[in-house]
């Protein structure tokens with residue numbers, strides 16, 4: 001259960017109120033409104049509001065390019081053209097507002113994306129709930145042995161048990177003490193803004209997050225990527241499902257040019273040209289470092 | 001006539017299509033959709049889309065402050081509290097998208113407000129129309145004699161006539177030459193991106209401009225102010241009329257705390273306290289410069 | 001001890017290397033370079049670099065206002081004028097880069113100021129140190145009984161002891177478990193990016209933070225304010241001491257117009273005018289709510 | 001002659017004053033300080049100030065990645081790694097401040113890059129100089145016949161002569177009328193903020209522009225590109241020369257990964273893989289549109 005009864009009641013009430021509007025409206029996106037999509041054990045993402053659609057992107061582009069854009073036969077082609085040529089401003093003309101419930105350590109990564117509007121639950125002002133992220137067994141991964149910033153196999157056996165016990169017990173104890181410290185029964189009661197410092201980073205917080213489509217796609221490219229931490233990636237993936245229904249043409253171009261694409265350096269492009277000319281190119285004669293060569297192989301490899 | 005037949009046809013078509021939505025909808029704002037509000041001689045402002053309403057501001061604030069905000073009896077009181085205490089993030093949760101047609105010299109002032117999304121007509125790509133701002137007689141003001149950055153009385157008589165003649169004739173001649181230079185009849189035809197440099201700053205351009213309510217109110221505070229240049233102020237005033245219908249409680253608080261309010265320095269506050277205590281305070285014993293004192297008098301004076 | 005031996009050695013080496021430059025240089029600010037100013041029990045702020053000085057503010061303003069600014073007799077007067085009239089862009093022409101060590105819950109407040117550049121220590125990549133903020137006895141405050149977001153008196157006696165014991169013991173236990181979980185001795189070792197979730201919000205992190213003077217002053221106005229949480233206020237105050245030595249004229253104007261100043265609403269200004277005219281104004285006939293009236297009294301009161 | 005005598009005198013005075021500092025200093029960049037580099041017929045770029053160097057980028061990255069970055073053997077390798085993986089925040093830790101004199105139509109393109117600080121000469125406040133950009137004969141290009149947004153061959157003969165005559169005469173006449181309208185001799189004199197609207201877009205303006213290295217490189221990638229308009233490209237190229245001397249390792253990585261690199265879509269990467277496997281890939285079986293295929297050929301072609 002991820003929403004409080006109050007929140008659910010508010011949502012149900014709002015869901016019942018259909019309005020008429022002259023604004024651009026996307027039936028597929030309306031389906032997402034007021035439905036909280038569960039993420040992790042207690043988190044969720046839900047769309048609060050949205051502005052614009054695929055046509056709005058084209059409409060803005062056509063203001064810029066005037067009659068010139070008439071030559072592009074259709075909206076999808078225009079959107080692909082804009083994405084390919086990094087014309088980002090038309091994508092900024094769409095906006096989305098999400099309500100997200102997420103662990104604090106995920107929130108700390110997320111907030112680095114600065115071009116967005118945020119209203120977060122204030123633990124200075126209000127009391128946090130007793131809700132902590134405890135990884136599912138298959139997400140309880142070992143440190144990667146090849147990558148400082150990655151994960152290896154899932155832990156198993158006694159080690160996994162001990163980790164889960166620590167995470168659960170430490171969270172519960174920290175929260176017990178939090179409650180005890182702020183209590184004003186028979187004592188003064190510690191200020192909330194101080195007591196919260198005892199709570200670990202897997203406690204859940206929530207916020208409203210509003211962002212334009214261009215910056216959202218940038219966020220998704222980094223956070224829905226295979227190298228992103230699993231716990232933020234699942235949020236990014238949940239949002240991808242929404243964007244796909246909201247601006248299908250833009251999302252398709254995004255998948256092709258951003259998620260599935262790759263940037264090759266001048267040196268790498270030169271190697272591709274030499275290889276296409278039949279030359280045998282190796283790391284040694286490529287001019288690339290071992291790391292670059294490995295990544296290059298990953299991009300152009302036959303897999 | 002400020003819209004092209006194409007634009008008008010597109011607007012009429014869109015106006016006919018009422019959609020149903022679960023999103024927050026403001027009847028007063030729906031009235032503005034697809035109606036271009038004329039500004040200056042050929043300009044306009046029209047609302048393309050909007051997100052949120054007064055309730056959306058409160059909803060976001062309540063996420064931040066949690067149960068604490070229950071104590072504030074109603075939305076209007078909460079909005080006033082937020083405005084008074086410079087809590088800007090809840091206002092960022094509303095967004096508006098405008099289509100604006102405006103002279104280039106106004107656009108150059110406007111664009112200094114950086115926290116917004118913009119798609120401007122590209123004179124590199126397309127051909128500008130023959131439309132120039134020519135001030136109405138009463139707007140044809142003399143340089144202020146007391147303020148480097150201000151206007152005095154309207155010009156009159158022969159001087160006014162000459163100015164209008166210059167503005168009109170120079171604009172027409174510049175446009176004739178622009179057309180002649182880009183023409184490819186019997187010649188190569190100069191590149192548009194070069195030919196446009198011959199056009200004066202009173203030519204009209206247009207753009208889509210999208211901004212959140214917090215940054216919009218900041219823009220309006222500066223540009224709807226009596227010290228703003230008349231030609232941008234009329235746009236700001238037209239937008240004020242829309243905001244008033246969109247988020248009436250926020251607009252009312254804005255009028256009271258921002259447009260009608262004033263910031264007093266520590267020194268000025270000290271003078272107010274001394275005056276309330278019956279002391280005779282003059283510029284000489286106020287600790288303020290002459291300029292500051294004059295402004296202070298303007299703020300607290302009985303006028 | 002707030003710096004690692006490595007960091008101290010690097011600092012000492014850099015301190016020994018005086019360079020010559022043609023750039024604007026502020027002797028008072030040079031004194032701060034490479035000196036870490038202690039804040040809280042394990043934190044610090046130190047200036048890494050700075051750009052510009054009081055003259056740089058005026059130089060930029062004079063580009064904007066051209067010959068017009070010659071009439072302002074001196075730099076200090078011009079800076080006061082710019083500050084009074086909210087001309088913020090000249091202040092953006094100065095920049096500062098700080099290295100800050102701070103508890104995570106302070107970092108979370110700080111980062112809400114989005115217009116800045118940040119490089120934070122990555123607990124995904126590296127191992128955090130065993131350093132936690134434990135409040136000094138006098139900072140161990142009770143929840144305010146009048147303000148949801150404030151502090152009352154310091155706790156005392158057994159309650160204070162218990163709180164300190166909880167904070168210390170929970171932090172130590174959480175860190176013990178953190179170390180145990182990531183250890184790869186005789187086990188796989190949990191990924192760092194997961195293990196960190198067990199650590200409470202009073203653990204220290206560090207970052208480089210770079211910001212322009214305008215946005216820094218905005219940060220300081222909010223965070224050096226009496227209503228800011230003590231734990232971030234002490235950082236803001238430490239930075240104020242640096243800014244005072246860096247751009248003394250700008251800092252002085254900031255103190256007068258921002259820190260010591262106040263914004264009065266249209267209604268409040270009207271009350272001031274009525275009071276100066278000898279009228280008896282009370283909350284009832286002021287048009288203000290009780291909350292507004294109390295704040296108004298605080299601003300113009302005789303205290 | 002691009003600087004006023006006043007500006008030159010100020011520069012000479014500042015150039016004579018060497019300061020000592022503990023800040024990061026780049027000898028190659030010091031050479032640029034106070035030297036205006038001419039661009040176009042009356043424009044220039046000059047470095048006013050800078051913050052940071054190649055080491056500052058690494059220093060910030062090492063705060064983030066802690067001990068992990070020790071494994072990268074040297075600064076140049078680390079910088080290449082950061083650039084390749086789009087880790088932009090360390091590059092934001094360097095900052096540059098430029099004084100630029102440029103035609104208004106170039107300024108209008110430039111200002112679209114919003115993440116920068118700007119102080120522009122105010123034509124509302126002050127009187128503009130009689131200086132206009134008149135293209136050199138070889139820059140007087142025809143409209144491209146293949147690209148709405150491009151240039152073809154240079155105009156020649158009578159057509160070129162007529163264009164130059166129009167540009168010169170219209171500018172001179174517009175400026176004569178500007179002067180006449182603002183004159184207060186024997187008349188009131190039109191307000192400057194109005195009179196400026198008569199001036200064409202090739203008049204010169206000037207500004208201070210301050211930006212961090214990450215955003216500067218983004219600007220340079222777009223504006224030093226072959227598809228950028230010539231008149232802004234020459235400014236970008238002049239700045240490239242400065243950046244090369246300021247942060248040589250970062251600039252080299254930028255050239256390899258950004259300027260010389262290319263982003264391939266998922267579909268294009270698939271084609272590369274098929275071609276490397278010996279398959280004959282044509283536009284028809286590539287899944288690309290004609291436009292995409294042409295661009296793809298440009299990237300991997302043998303030329």
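Keep in mind that glycine also has a Cβ here, set from the backbone N, Cα and C atoms.
The following features are taken from TrEMBL:
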type     : residues                                                                    : note
BINDING  : C:89, C:112, C:113, C:114, C:120, C:212, C:213, C:214, C:218                : FAD binding site
BINDING  : C:109, C:110, C:111, C:112, C:120, C:121, C:122, C:123, C:124, C:196, C:223 : dUMP binding site
ACT_SITE : C:223                                                                       : active site, involved in ionization of N3 of dUMP, leading to its activation
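Positions of TrEMBL features highlighted on the structure.
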residue: C:89; record: FAD binding site; CB count, 10 Å: 21
residue: C:109; record: dUMP binding site; CB count, 10 Å: 19
residue: C:111; record: dUMP binding site; CB count, 10 Å: 18
residue: C:113; record: FAD binding site; CB count, 10 Å: 17
residue: C:120; record: FAD binding site; CB count, 10 Å: 20
residue: C:122; record: dUMP binding site; CB count, 10 Å: 20
residue: C:124; record: dUMP binding site; CB count, 10 Å: 19
residue: C:213; record: FAD binding site; CB count, 10 Å: 27
residue: C:218; record: FAD binding site; CB count, 10 Å: 19
residue: C:223; record: dUMP binding site; CB count, 10 Å: 22
Discussion item. Rounded to a whole angstrom, what is the C-alpha distance between residue C:223 (dUMP binding site) and residue C:113 (FAD binding site)?
Written reply: 11
Worksheet item: Among C:89, C:112, C:113, C:114, C:120, C:212, C:213, C:214, C:218, listed as contacts of FAD, what is the widest Cα spread in Å, to the nearest whole number?
Response: 27
Worksheet entry | residue C:111 (dUMP binding site) and residue C:120 (FAD binding site), distance between Cα atoms, whole Å | 11
Worksheet item: With 8 Å as the upper Cβ-Cβ limit, not reached, which of the binding-site residues C:111, C:124, C:213, C:218 neighbour chain A?
Response: C:111, C:124
Worksheet item: For residue C:124 (dUMP binding site) and residue C:113 (FAD binding site), what Cα-Cα distance in Å is obtained after rounding to a whole number?
Response: 23
Worksheet, complete the sentence: Listed in sequence order, the binding-site residues from C:111, C:120, C:218 whose CB sits under 8 Å of a chain D CB are C:120
Worksheet item: About how far apart, in whole Å, are the alpha carbons (Cα) of residue C:111 (dUMP binding site) and residue C:213 (FAD binding site)?
Response: 16
Worksheet item: At the level of the C-alpha atoms, what whole-angstrom distance separates residue C:218 (FAD binding site) and residue C:109 (dUMP binding site)?
Response: 14
Item to complete: Using only the residues recorded as binding dUMP (C:109, C:110, C:111, C:112, C:120, C:121, C:122, C:123, C:124, C:196, C:223), report the maximum Cα-Cα distance in Å, whole number please.
Response: 29
Worksheet item: Can you check what DSSP calls residue C:223 (dUMP binding site), collapsed to helix, strand or coil?
Response: helix
Discussion item. In whole Å, how far does the CA atom of residue C:89 (FAD binding site) lie from that of residue C:109 (dUMP binding site)?
Written reply: 25
Worksheet item: How far is it from residue C:113 (FAD binding site) to residue C:122 (dUMP binding site), counting Cα to Cα, in Å?
Response: 20
Response to the item:
For residue C:109 (dUMP binding site) and residue C:213 (FAD binding site), the CA-to-CA distance in whole Å is 19
